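Annotated features in Swiss-Prot:
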- 1-65: region 'Domain I' (REGION)
- 66-144: region 'Domain II' (REGION)
- 145-153: region 'Flexible linker' (REGION)
- 154-205: region 'Domain III' (REGION)
Amino acid sequence: MIAKLKGILDSITDSYLIIDINGVGYQVYSSGKTLMKLIKEEGSIVSLFIETHVREDRIHLFGFLDNTEKVAFNMLQSVSGIGTKMALHILSNLTPHQLQIAISSQNRHQLKAISGVGPKLIDRLMIELRDKVANINTIANNTSLAILSTDSNTHDNILSDAITALIALGISRAEATQILSDIYALFPSISVNELVRTALQRRAK
């Protein structure tokens, strides 16, 4: 399960973006608000929280700049009749905070202003999310901490495996640690094999 992606923002369309990670392009669907924020970042390194949906014939990735929007996205889909497309459509018009306020205050007008959101859907949103929206920030913060912990563990494992590989080739631990740390700092998405290969190439120069 992909929870986060970090790579070069290759291109943006009106409904999705493509992130290039080591030559592999990942198509990631996002809300209009997220796409607008990233439109000036093409060619730069970006990081997105990811929600992965696996179907029989395909895998869909949905990306968010912050975990609060990801939580709101999943919360919206818990409402009867709302799928991924409508959830992104709502978040293209309202931020998670605006959505939270609209439902908490039972502000139907704010939701009614969104095209495709009719009275029956508004009723379901008000009823089914009324007791949930207050927890958006808490859930987002807890999930972010878990992802940060996972990222840290992944970083440590990659470096540790690469160091072990270089030591097996007769390179001292101190030298292996130094050269691998330098490379990993420049290429945080690199795999163990690529990290070892790059280290050997750099050492041979």
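Backbone N, Cα and C atoms are what each Cβ position is placed from, and that goes for glycine too.
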Arithmetic mean of per-residue pLDDT over the region 'Flexible linker' (145-153): 48
Within the region 'Domain I' (1-65), residues counted as helix, strand or coil by DSSP: 10 helix, 37 strand, 18 coil
Summary of DSSP states over the region 'Domain III' (154-205), given as helix, strand and coil counts: 42 helix, 0 strand, 10 coil
For the region 'Domain II' (66-144), residues assigned helix / strand / coil by DSSP: 58 helix, 0 strand, 21 coil
